[in-house]
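K.L.:
Pasting the feature list from TrEMBL:
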DOMAIN    22-453  domain 'Amino acid transporter transmembrane'
TRANSMEM  25-46  transmembrane segment
TRANSMEM  52-75  transmembrane segment
TRANSMEM  114-134  transmembrane segment
TRANSMEM  154-171  transmembrane segment
TRANSMEM  178-200  transmembrane segment
TRANSMEM  266-285  transmembrane segment
TRANSMEM  305-326  transmembrane segment
TRANSMEM  370-390  transmembrane segment
TRANSMEM  396-416  transmembrane segment
TRANSMEM  428-449  transmembrane segment
Amino acid sequence: MGEESRDHETPLLHSDFSPKRTGTLWSCTAHIITAVIGSGVLSFAWSVAQLGWIAGPASVICFAIITYVSSSLLADCYRSPDPINGTRNRSYIDAVRVNLGRTQTWFCGLLQNLLFYGTGVAYVITTSTSMRAIQRSNCYHREGHEAPCSYGETIYMLIFGLVQILISQIPDFHSMEWLSIVASIMSFTYCFIGFGLSFAKVIENGRIKGSITGVPEASIADKLWFAFQALGDIAFAYGYGIILLEIQDTLKSPPPENKTMKKASMAAIFIITFFYLCCGCFGYAAFGSLAPGNLLTGFGFYEPYWLIDFANACIVLHLVGAYQIYSQPVFAFGERWFTKKFPTSRFVNNFYTFKNIPPLPPLKINLLRVCFRTAYVASTTAVAMIFPYFNDVLGVLGALNFWPLAIYFPVEMYMVQNKIENWTRKWIVLRTFSLFCFLVTIISLVASIEGLISAKSSS
């Protein structure tokens with residue numbers, strides 16, 4: 001009886017959309033690392049510089065702990081009502097619907113898909129920046145560090161969009177384990193390069209730069225704005241809760257998925273924190289108050305130019321996989337909705353098989369999948385081309401989403417599922433935890449908006 005309930009889930013309407021769960025601890029760890037470690041790790045030197053030698057590293061460790069706690073609460077919500085033998089919730093929004101009801105489901109879905117789409121746009125922009133940085137690096141090497149070396153980004157956005165249209169035909173999360181592994185290797189590579197170059201710079205300087213209080217500012221207000229913005233950047237850099245249950249749904253069972261997911265989260269967060277501290281602290285030690293916003297594209301380093309080129313190429317390859325990590329949940333949601341809405345449509349439900357040259361497996365084409373995913377990728381590329389400064393807006397978007405998606409919903413679902421009564425010790429601890437993160441979100445949101453306004457007024 002218990003085994004039957006473990007395998008129960010809401011059936012899909014077409015067998016080709018049904019998942020094959022073969023995921024392991026290590027594939028989940030790779031998915032998490034791909035989702036979390038972006039080129040933003042190279043901006044941690046700036047964040048640590050704003051906070052100083054004590055508050056900077058302490059904030060990184062603090063938010064690592066917060067992320068692990070929230071991810072553990074969410075992992076227990078994969079099955080309901082029992083975390084081991086209950087019915088599967090295949091996505092974040094499914095878990096919210098089962099535990100918190102229809103109204104909060106609409107609110108969650110709006111925030112989640114807005115963040116997915118915004119992240120996709122940001123990755124198009126970031127990729128084009130790294131591709132342009134390769135050209136600039138070669139130009140500086142030929143013409144000197146004072147040369148203008150100005151290049152456009154539109155062509156690189158188009159190239160990235162075309163690549164993503166092809167990669168987006170990967171059926172689902174269950175089929176992209178190889179892509180996450182490659183992307184994780186790429187992220188390790190450029191992190192090590194950023195760390196290694198910073199370490200070499202410290203040796204070259206002959207001293208460790210920086211101070212206990214961080215970058216000095218003209219006024220206390222300016223210092224607080226930058227400190228709050230840095231705090232927010234660190235907090236948002238750990239976020240993967242919105243795709244945690246989608247990743248957990250790839251796991252084979254036994255052992256119980258929630259236990260494997262908690263181990264994967266622990267391993268991934270440990271690795272991520274190591275790289276964040278290395279890049280952040282050594283970058284600050286190398287440049288002090290002049291730490292750039294990005295160690296590789298902000299040209300904190302010019303030589304060896306070939307190593308800068310290689311690191312930026314690794315960023316591009318990593319973002320190919322990271323874009324998919326944040327797009328596959330949207331694809332799955334949209335295709336399942338169309339399948340449910342039009343159960344008899346051949347356009348929606350039929351798959352066409354094309355035999356390939358051995359040993360390649362047969363190619364299965366679904367017209368809805370091709371059209372829907374192509375339109376989605378094309379739209380994110382178009383928005384990136386129209387609004388190349390969208391990354392500034394994403395900071396505000398990240399602040400808006402951090403508390404509700406990473407903290408509020410996991411805490412609320414966990415309390416409902418475990419029937420935690422008001423004013424018990426566990427209730428007080430979870431409410432305090434949620435309140436603390438809410439305050440971080442508020443101050444970071446205000447700082448992000450102020451920074452956005454200041455940047456636009458000075459440009």
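Every residue gets a Cβ built from N, Cα and C, even glycine.
No curator has checked TrEMBL annotations; they are predicted automatically.
If you look at the structure here, what lies around each of the features I listed?
P.N.:
Note on the transmembrane segment (25-46): residues 60, 123, 126, 130, 173, 177, 179-181, 183-184, 187, 190-191, 194, 198, 230, 233-234, 237-240, 243, 247-248, 250-251, 260-261, 263-265, 267-269, 271-272, 275-276, 279-280, 282-284, 286-287, 291-297, 300, 315, 318-319, 321-322, 325-326 of its chain, located 6 or more positions outside it, place their CB under 8 angstroms from a CB of the stretch.
Only residues 6 or more beyond the boundaries of the transmembrane segment (154-171), in the same chain, are considered here, and those with a CB under 8 A from a CB of the stretch are 16, 124-125, 127-128, 131-132, 179, 316, 319-320, 323-324, 327-328, 331, 364, 369-370, 373-374, 376-378, 380-381, 384-385.
Sequence-distant contacts of the transmembrane segment (305-326), counting only residues of its own chain at least 6 positions beyond either end whose CB sits under 8 Å from a CB of the stretch, comprise 31, 34-35, 37-39, 116, 119-120, 123-124, 126-127, 130-131, 133-134, 137-138, 140-141, 160, 163-164, 167-168, 170, 176, 179-180, 182-184, 186-187, 189-190, 193-194, 197, 243, 296-297.
Within its own chain, the transmembrane segment (370-390) has Cβ neighbours under 8 Å at 117-118, 120-122, 124-125, 128, 153-154, 157-158, 160-161, 164-165, 168-169, 327, 330-331, 334-335, 338, counting only residues six or more beyond its boundaries.
If one looks beyond the transmembrane segment (396-416) by at least 6 residues along the same chain, the residues whose Cβ comes under 8 Å of a Cβ in the stretch are 66-67, 70-71, 73-74, 76-77, 92, 95-96, 99-100, 104, 107-108, 111-112, 114-115, 118, 232, 235-236, 239, 241-242, 427, 430-431, 433-434, 437-438, 440-441, 444-445, 448-449, 452.
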K.L.:
Looking only at the recorded stretches 114-134, 178-200, 266-285, 428-449, which one has the largest tally of CB-CB distances under 8 Å to the transmembrane segment (52-75)?
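P.N.:
Answer, by Cβ pair count: 266-285.
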K.L.:
To the transmembrane segment (178-200), which of 114-134, 266-285, 428-449 is linked by the most Cβ pairs under 8 Å?
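P.N.:
By the under-8 Å Cβ criterion, the transmembrane segment (178-200) pairs most with 266-285.
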K.L.:
Counting only residues 6 or more past its boundaries, what in the same chain has a CB within less than 8 Å of a CB in the transmembrane segment (428-449)?
P.N.:
66, 69, 224-226, 228-229, 231-232, 235-236, 395-396, 398-400, 402-403, 406-408, 411, 414-415, 420
